[in-house]
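Heads up, the thing below is written out as structure tokens.
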Amino acid sequence: MAEDRFPGWHGTTILAVRRGGEVVVAGDGQVSLGQTVIKGTARKVRRLSPGGHEVVAGFAGSTADAFTLLERLEKKLEAAPGQLARACVELAKDWRMDKYLRNLEAMLIVTDGETLLVLTGAGDVLEPEHDVTAIGSGGNFALAAARGLMATDLPAEEIARKAMAIAADICVYTNGNLTVERISK
């Protein structure tokens, strides 16, 4: 019953595709509250440059929680410049141990153009097996489409755009207004 009185924020599909020496991270722009679209142009994919080392991050879940995690990730990257995996593991440790952070409801996809990682709400750090990963409400649709498109000769950005379009056609919490960031090592 409480869910009916306080509907949750829904939405977001974030997809990352690694191919040909680059990683493309794409995210849709829809933010929904219950059955209502609140915003269609949110930017859920960001470029970070802590210590001069470029990183692209996409987030799903609570926006405030995601920004908290992005800020902490930037601090971890400043402490370990150029060591994305180490910074993510340190963030995951904090996420699991800190009383406040444990309650954050967000997931991140992060990449430096070489390493591609997913940070889950449980404090896990996962490296995708097939050079493709996705999170959010339409994540499974985008992931399936992108994995199918990996069998083609399409470049990473085109795979990401086509897969996100498929996810937007299927998931009511995902739209076709994309933010796309490319990064290579």
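A Cβ is built for glycine as well, from the same backbone N, Cα and C atoms used for every other residue.
Listed in Swiss-Prot for this protein:
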ACT_SITE  Thr12  active site
BINDING   Ala168, Cys171, Thr174  Na(+) binding site
Residues close to Na(+) site centre defined by Ala168, Cys171, Thr174, Cβ within 8 Å: Thr13, Asp28, Gln30, Ser137, Gly138, Phe141, Ala142, Met164, Ala167, Asp169, Ile170, Val172, Tyr173, Asn175, Gly176
Count of other CB atoms lying within 10 Å of the CB belonging to Ala168 (Na(+) binding site): 21
Nearest-integer angstrom distance between the alpha carbons (Cα) of Cys171 (Na(+) binding site) and the residue listed as 'active site': 9
Residues near Thr174 (Na(+) binding site) in space but at least six apart in sequence (CB under 8 A): Gly11, Thr12, Thr13, Asp28, Gln30, Gly136, Ser137, Gly138, Phe141, Met164, Ala167, Ala168
Packing count at Cys171 (Na(+) binding site) (other Cβ atoms within 10 Å of its Cβ): 22
C-beta crowding around Thr12 (active site), within 10 angstroms: 29
Per DSSP, three-state class assigned to Ala168 (Na(+) binding site): helix
